[in-house]
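Report on one structure; see the data block that follows.
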């Protein structure tokens, strides 16, 4: 009968490419890695969360009032004279000023408690003891190298303390002792430690000196502003840190200093105006005193009380012209002041605006406002700020423009003075025609009235300036003092746990994937299918038993059922149920082919088939060792004519099949296997037995199996899970295909319990496709592979 050639029809049914069930099986096999990963990750997350400190967001609010003036009832011109410009009050400029380095420096200077950090270190957490420190350190001197160093201070209950440094690389063997309230001098610092907690016992803490620059940079880096609502002028000032009390104090002081600086700048403009008026009053006061004395002396010496009406009219005209001359002189003096100020004292502060002196110079007034605005914006910036250079350049440009305008105004003033002098000369000529006494009297009275009017004008302007200065208020208001508005990292602990847990799952996943990718051994039926061109006829699960007769002693086990499936397929392949020779081979020694051959013979014997196991691994026989057989004769002895066939066929107690041992190891095994007598031996065995199981040498090591394959009906290639090298197996299968080994099929041996869950499913699928479900009966409907393999006895210990 022609042999049935079993191809791989089930491949069309199998998944191609990535097999998710196979990878699920890999992960389930290494479940302990995930348990360890989760336990470790949760432990590390717990340790990390122990060091968690809440970071608080503190907030204060400032109202930026762009429409406020220092005196609502004063004229706009005089307000501009005090340097209050709309550009200065612009909200964006206010934000720049509020976050300026100079302003932060002033705040740090006004909070001396910031200059020493008091720190408590625990096993997990490090806290800043701002306002909760048991000691206060008063410093008189700090060496530059002491800044930033973390000093340890041990506080003793007897009123003393010890200062040291943990980092010995900084100051070797540094340790100094002191007592509370007493000055302590060292080349690193002069300080006094005050104990503010009278009930404090022995404790240990740390402190660190902070430079002004480090504090300023720290607060600037955490400073943020935003508007409460879009379009509003209420500015929100925020800081975020784990020391909210310190941030609250800083925000409150920042707002106070900001408002104080704003008021100071406004008062500075008023002070400049008052200073200019005082300088003018000095000269006018002296001249007025002299004029008054001259007029009194003249009247007393000449006994003149009044002048004639004509003389009085001329005096009135002259006085009017004298007032105009005084105004021209004031304008000329202001231009002289402005020119000198622009060339020498621009850094001193705001420029006195002409309107504050009653001078109407619109163009000049606009330019002075512009310079004052630029100066105010620049005053709160450091040279490192990019806007500083921009404002400086604009100031220089505006200064040059003002100087050009002054030059033009001087020319115009000279023309105006020339015209005025012509009109004044007419009046003076009329006065010169008066009698000598009246002429002298008019001159003295003119001088007196001019000085008196000039003096009265400056006194009035000074009084107005003092009133405006006294009524000045900041342009902005503190709407809300600083307070804590929230915790910014409240979800950090849960996020940390999730991140660590994710890594606790990912790392084992990567380990499993890496192990599987680097594992070059066959460990699944899919590996057999990928690397072999020969059909997979079945799989045998792993067993813990060392007894070679597992099948015969556990007839209702899943292990035995696997052999029944293989037995049925062999019968289906050869299309008969007797006189069948089955050869088993493998890639190399240790793949379990002998163990497989013994149990395959057992499953045939269980079916009441006359079976014999022939040990043809004559180079390294192992059947005798499995059954503890002590028999010197065997196949090799028969082939060389030393004994008859019946002499070497063994019947062992409790073994349902016969055994034909290998015999003595010959010097020429290859030649013996190729002998004609071997063929005659198999023909004789066919007449005596229904099934002949031939355990041959590994086909990947020697060629013996090639010769034996010519005598067999079915050749089984045993592949061991976790041992057979995939590369070697693949190359060997390709070579066997080229060599046209007949009726060659593969068997996956030693499938682990966890791995077999997936493998059993696939094998059950194969059995179903071929129509073989031998021994599968159930009182209930069993629709999955696991029920199929556990219908028989509980064989978990096999």
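Placement of Cβ uses the backbone N, Cα and C atoms for every residue, glycine included.
DSSP labels the residues of the domain 'AAA' (586-702) in these numbers: 46 helix, 15 strand, 56 coil. Among the features that TrEMBL reports, domain 'AAA' is placed at 586-702.
Panel annotation: around the transmembrane segment (31-47), residues 124, 496-497, 499-501, 503-505, 507-509, 511-512 of the same chain, lying at least six beyond its termini, place a Cβ under 8 Å from a Cβ of the stretch. TrEMBL lists 31-47 (among others) with the feature transmembrane segment.
For the transmembrane segment (499-518), the residues of the chain that approach it from at least six positions outside its boundaries are 23, 26-27, 30, 33-34, 36-42, 44-45, 48, judged by C-beta separation under 8 angstroms. Here TrEMBL flags 499-518 (among others) as transmembrane segment.
Looking only at the domain 'AAA' (586-702), the predicted model's pLDDT averages out at 92.
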